[in-house]
């Protein structure tokens, strides 16, 4: 990128000295890549890694259902990226800056690509996705009695599944560990991209333009999630075993809690893109041509004159760590950053799942709208943040004040979220009684009632049907239906005794496949929530570049405990669990969305409030330090005026 009011920063280089030939400046200029080339390649790396990261967030619910695991386990998978990052980030950031940074970044991007492809591997070694459905037992469109047949077929299916687990015919190994391992590799590979890339830009960019370049870089990086969530939306709309099964035989829709999209497809696409991004970095030189306009005492090009050994580099490693950990102001900011990052990790990890459960939206629609509404607001906020730093030339104190102001403002934007809610859907035996006359407080969690006691319905079954009374039943068996008509998604069930017990006549006691729709106001509140979230993201990201400038470019243990702990809290709100193929507890089919809402919003806002309190203390400490430094400078000028004038003249010269 060309600096305003000046020629290209690296158009003049020294003649190349070999074979006694006089190489022209033009030849050297053509052979030497400039800073803008490195920024362009690094921006593509940021694009691919952020695309994969966003796609991973969009597949949280898909992975949970495919592997029949609880949210706490999914939280471990999500947090494994930070775990891998934590393993090497300190070493890579410190030692990597002393060696060939472009190649180290390229090796990390290559490892990220391999890890991404490994995350898709379980799909190719697992059997086809199976889900319980009454439609599987009713392929004949003619009327038939199903109460006893349905029960016996279901019991036989369970026996076959359990037998398969014992015989090894059905996979019982935790194949989700492969996804975990791939995500760890992604975290290891990503560790050096940010710190080494930022330090490379800092070394070769003018101090006044460094913040602007970083803002532009992160803006390009935020474009990745737009494509990541869009890719997640596309893959979520496709059935997981696309190409292997007849799509017309699939009886569930993307709105169903059993639906699993083609989660693996996006990892293949993003993995190949990441591998492509790694290749050009291997052909960049260790250092760029020295620029006389760069007013920094240290030039990385001097590294060629004396290459330090590992021992010489390592001897200053632990003293540097000790110096950081004994800095009270830095520790205060570090704790504040940990809390803020964990709140942000909860937000970006579980927002798609929250919107799906709270407003009854499909994963495909949720991911698409997040990608086209919320993420552009983040990109715009980051770009404006870099412009603010360049325009007003904010120092350390100004940066801290900007971060505090934008953070508190974004916290205020969260308050209306608590009012944007929907009611739990009416599910017989779970949220409402089987009979209308029973009081709400007398509801028990028993899924069996006198109207379906003779049907022998298994408790684990989840194949919801919507009765004409507007109540959802967890299966046709639990609705007491004794006959059906049609096939697949067009199937209807009749003679449902539990619907009749609601007070309807026998002619109005039918049900159709799927849950009953939510109230129409849910969709309206869904769009209002997205609009407010976009505003909050924009305001929060206005402090992004200042945050990077006053931090160490990374935050240890940030984002690791939050997804895991919050995933366990989400599991506590589950009202109806599914069952995996081997008889154990599977993924949750229905949540108490009111409790879910208070946990999600309450925990995020509490972490942010505590973090911003520490940030305010940090800002006051910075202000006090700046005032003390200014007073000390004035005292020195009063005591040694001649010396100060001489140093100032030398500095100007």
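From the backbone N, Cα and C atoms, a Cβ is placed for every residue, glycine too.
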Among the residue ranges 10-31, 76-97, I'd like the one that TrEMBL describes as transmembrane segment.
76-97
Given 305-325, 368-388, 431-451, which one carries TrEMBL's transmembrane segment label?
368-388
Which range of 169-189, 190-210, 400-420 is transmembrane segment, per TrEMBL:
400-420
Residues from the same chain, set at least six apart from the ends of the transmembrane segment (104-125), whose C-beta lies under 8 A from its own:
42, 45, 48-49, 52, 56, 67, 92, 96, 175-176, 178-179, 181-186, 188-193, 196-197, 240, 263-265, 267-268, 270-275, 277-282
Could you give me the DSSP helix, strand and coil counts for the domain 'Kazal-like' (446-500)?
10 helix, 11 strand, 34 coil
Other than its close neighbours in sequence, what residues sit by the transmembrane segment (212-240), given a CB gap under 8 Å and a spacing of at least six beyond its ends?
1, 39, 42-44, 46-55, 57-59, 62, 66, 123, 129, 197-198, 201, 205, 247, 250, 254, 260-266, 269-270, 362-368, 370-372, 375-376, 378-379, 382-383, 385-387, 389-390, 544-545, 548-549
Do at least three CB pairs under 8 A connect the transmembrane segment (260-284) and the transmembrane segment (598-618), leaving out pairs fewer than 6 apart in sequence?
no
Long-range Cβ neighbours of the transmembrane segment (260-284) (under 8 Å; 6 or more residues past either end):
33, 37-38, 41, 44-45, 47-49, 51-52, 55, 58-59, 62-63, 65-66, 102-103, 105-107, 109-110, 112-114, 116-117, 119-120, 122-124, 129, 228, 231-232, 234-240, 242, 254, 363-364
